[in-house]
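Quick notes on the structure that follows.
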Amino acid sequence: MLAMEKEFDSKLVLQGNSSNGANVSRSKSFSFKAPQENFTSHDFEFGKIYGVGSYSKVVRAKKKETGTVYALKIMDKKFITKENKTAYVKLERIVLDQLEHPGIIKLYFTFQDTSSLYMALESCEGGELFDQITRKGRLSEDEARFYTAEVVDALEYIHSMGLIHRDIKPENLLLTSDGHIKIADFGSVKPMQDSQITVLPNAASDDKACTFVGTAAYVPPEVLNSSPATFGNDLWALGCTLYQMLSGTSPFKDASEWLIFQRIIARDIKFPNHFSEAARDLIDRLLDTEPSRRPGAGSEGYVALKRHPFFNGVDWKNLRSQTPPKLAPDPASQTASPERDDTHGSPWNLTHIGDSLATQNEGHSAPPTSSESSGSITRLASIDSFDSRWQQFLEPGESVLMISAVKKLQKITSKKVQLILTNKPKLIYVDPSKLVVKGNIIWSDNSNDLNVVVTSPSHFKICTPKKVLSFEDAKQRASVWKKAIETLQNR
């Protein structure tokens with residue numbers, strides 16, 4: 001794995017196949033626009049976490065020498081190797097380097113150390129579209145039209161390059177500080193046979209275009225039926241995303257992935273009464289079970305999609321110069337000082353990155369003491385009353401920081417459990433009727449051991465190197481769980 005970035009040399013050789021299946025060798029070389037630099041983590045000051053994935057984190061990072069702020073994607077080499085994700089990482093890097101469009105996130109440079117790979121991406125200070133939907137409850141039709149038009153404009157370019165994104169959703173639609181959309185996260189991208197993107201022979205997302213990737217709520221029925229991927233996959237996800245903008249929730253939301261898939265296959269979709277006729281019609285067409293009938297995928301291509309009545313009044317030639325909708329601020333930022341630099345806030349345990357990154361931050365902000373951290377977690381955490389029944393599951397000296405009745409979701413079923421976060425640190429889930437421990441998660445000082453991903457206000461996933469556990473909190477406190485666990489990690 002140490003040689004991974006070395007393969008991203010300034011010159012690449014591509015072995016290609018002809019469309020008729022005969023093996024034809026062809027050479028193609030190009031220079032990377034985003035170079036591999038000799039930077040180290042010590043060259044940056046780290047701030048808040050933008051997002052967490054199964055093998056990566058994206059964090060706000062300021063380059064000390066220039067003051068430039070990036071969204072630094074930090075990928076765990078060990079996990080990438082173990083989970084056979086090398087090809088995905090290479091392909092994302094190669095694709096981002098070659099895409100040039102105002103609606104697509106930019107890659108500036110890469111570097112690596114002994115434990116991690118780094119991609120310095122454009123920092124979108126407006127956050128995720130998902131956050132705007134959550135803060136506003138739902139978007140107005142004018143807001144949804146503006147954002148959808150910008151996504152359509154970027155998708156048209158992506159598809160013209162012979163690429164399928166395969167993970168279009170509100171979380172992957174980022175907003176600039178002035179409110180324009182940028183499509184991000186090309187970790188699931190699929191080059192088509194006639195793609196204009198140059199790739200390495202060993203940098204392909206998968207050999208079979210029907211391989212399941214993406215996010216359950218946005219997956220089209222043809223993928224569930226193992227049909228090859230097409231541009232129509234992204235258009236289905238666009239329809240789901242537009243529905244979510246206008247309603248506040250995804251169209252096929254259910255208690256488990258299995259139930260979501262059943263609703264997708266059955267096309268079990270209900271339109272709220274407040275949807276306009278034009279919005280309802282566009283979503284209905286984008287969610288056609290036949291991929292080739294979706295607007296944008298047929299013989300007329302994106303011309304048919306852009307002329308749909310929902311987009312009446314959209315100036316397609318000047319999208320990026322139009323005034324975007326006003327962004328709803330992060331409620332947490334309302335209590336912060338306006339002069340506060342995020343780079344010095346939101347302390348993040350970075351001891352797993354580089355050789356001794358924690359040392360470099362000592363001069364910037366002292367980490368909170370154990371008592372301070374425990375106190376802040378306790379204020380966040382004890383959201384359900386604690387009774388003596390749960391004491392039997394604790395070790396001597398161990399205390400409960402957060403506890404709640406939740407559902408543990410599996411593919412087909414869900415089970416009620418009592419989820420307990422302790423100061424060990426440890427997570428325990430208990431069968432509340434039998435008072436039997438069903439499992440526990442203990443993690444070390446390495447924050448890569450455990451990541452929390454919020455998928456909706458009530459749903460969250462706890463990811464470890466060995467497994468991913470999905471939970472539903474009926475009181476919609478998924479973000480509270482995430483904050484409590486991450487605060488404990490950063491103690």
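Numbering starts at 1 and runs along the chain as displayed.
Backbone N, Cα and C define each Cβ position, glycine as well.
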Record-annotated phosphothreonine (source Swiss-Prot) among candidates T114, T148, T211, T455: T211
Position flagged as phosphoserine [Swiss-Prot], chosen from S10, S27, S177, S414: S177
Phosphoserine per Swiss-Prot (candidates: S115, S195, S382): S382
The annotated region 'Activation loop' range in Swiss-Prot, which must be one of 185-222, 261-298: 185-222
Among S227, S337, residue with annotation phosphoserine (source: Swiss-Prot): S337
Whole-number Å value for how far E122 (ATP binding site) lies from S276 (phosphoserine) (Cα to Cα): 35
Conformational class of S177 (phosphoserine) under the three-state DSSP mapping: coil
DSSP helix/strand/coil residue counts for the domain 'PH' (386-491): 21 helix, 46 strand, 39 coil
Rounded Cα separation (Å) that holds between E122 (ATP binding site) and S177 (phosphoserine): 11
C-beta crowding around S276 (phosphoserine), within 10 angstroms: 13
Which same-chain residues, if any, lie at least 6 apart from C124 (ATP binding site) yet have Cβ under 8 Å of it: A71, I105, L174, L175, T176, S177, K182, A184
Lowest local Cβ density among E122, E171, which the record lists as binding-site residues, within 10 Å: E122
Protein Cβ atoms within 10 Å of S56 (ATP binding site), excluding its own: 24
